[in-house]
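A.B. asks: Marked as N-linked glycosylation site by Swiss-Prot: 4. Per Swiss-Prot, the feature topological domain 'Extracellular' maps to 1-24, 75-98, 157-193, 255-267. Swiss-Prot lists 46-53, 117-135, 214-233, 289-310 with the feature topological domain 'Cytoplasmic'. Feature annotation from Swiss-Prot assigns transmembrane segment to 25-45, 54-74, 136-156, 194-213, 234-254, 268-288.
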């Protein structure tokens, strides 16, 4: 019996079903999404760093969010593309799982911070620069990054304590923790319950300040007498609100459920939304609805064209 078990740290990812032709089509689609994600988020990081008009807490947090989007998609998509070309691949458990979930935790922490930032900007504008000063912003970002990495210490340790089937075939395109638990030969009920509580704490814990902030923001905006004033105020947080709905909605379906080993195809679809579609959409959401970012992009393109002409 013991010959069929192992404490594996490497797994064979089965990826997506279907013919080789379908895999090539999926490869082209996901490769395009990946390139646009990298370029879009990199552009946001660069213009926030170089354009003085974007030297504010909101865009400082946005640049870190874009950095996390690049990390999340780079952790998952290249391995997924490799699997589509070569019909499955091997992936190391510790590095992939820890980085993936750490980045996700940091992203939700930043979304909560950005909601509070918008609350201060809309509801307490006269004290905005005092409350959201540079030291506060830097410390908030540092805490978010550190918390993201620390939150994965116990889950990774607990996962390494399990023994797995020697086949090590994982029916997913990345090391999904729910599917890892499904491969375990041990009783994972307690670990699943603790992971469920951790997911609730991280997702709901960062969602509460977001909901409270938006409640105050909307109530404040509705008191503005002019329609143009209300539209301008709503535009300051519309892009963030869109990201919150997409990010929290998909992850609540994916992680906040007591039984993590159910619904393989369902998990794959929602995982694609989290790891591919959301990072792809975020640059467009934050640029198309933000006049300052669009102006900075136009000016940057003009400067680049001028340099090429010279």
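Backbone N, Cα and C atoms are what each Cβ position is placed from, and that goes for glycine too.
Tell me about the setting of these features in this model.
C.D. replies: Looking just at the topological domain 'Extracellular' (1-24), the mean pLDDT is 65.
Listed as Cβ neighbours of the topological domain 'Cytoplasmic' (46-53) (distance under 8 Å, sequence separation of 6 or more from its ends, same chain) are residues 59-60, 62-63, 292-293, 295-297, 299-300.
The DSSP breakdown of the topological domain 'Cytoplasmic' (117-135), given as helix, strand and coil counts, is 16 helix, 0 strand, 3 coil.
Per DSSP, the topological domain 'Cytoplasmic' (214-233) is made up of 16 helix, 0 strand, 4 coil.
Among residues of the same chain six or more beyond the transmembrane segment (54-74), those with a C-beta under 8 A of the stretch's C-beta atoms are 34, 37-38, 41-42, 44-45, 47-48, 99-100, 103-104, 106-107, 110-111, 113-114, 117-118, 121, 132, 137, 141, 144, 243, 274-276, 278-280, 282-283, 286, 292-293, 296.
Residues 57, 60-61, 64, 94, 97-98, 101-106, 109-110, 113, 177, 194-195, 198, 202 of the same chain lie 6+ residues outside the transmembrane segment (136-156) yet bring a C-beta within less than 8 angstroms of a C-beta in it.
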A.B. asks: Taking a Cβ cut-off under 8 Å, which residues six or more beyond the ends of the topological domain 'Cytoplasmic' (289-310) line up next to it in the same chain?
C.D. replies: 43-44, 46-47, 50-51, 53-54, 59, 235, 238-239, 242
A.B. asks: In terms of Cβ proximity under 8 Å, which residues at least six beyond the ends of the transmembrane segment (268-288) contact it?
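C.D. replies: Tertiary neighbours of the transmembrane segment (268-288) are 16, 30, 33-34, 36-37, 40-41, 43-44, 62, 65-66, 69-70, 72-73, 76-77, 104, 172-174, 176, 239, 242-243, 246-247, 250-251, 253-254, 294, 297.
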A.B. asks: Which bits of the chain, at least 6 residues beyond where the topological domain 'Cytoplasmic' (214-233) starts or stops, bring a Cβ under 8 A of a Cβ in it?
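C.D. replies: The answer is 115, 118-119, 122-123, 241.
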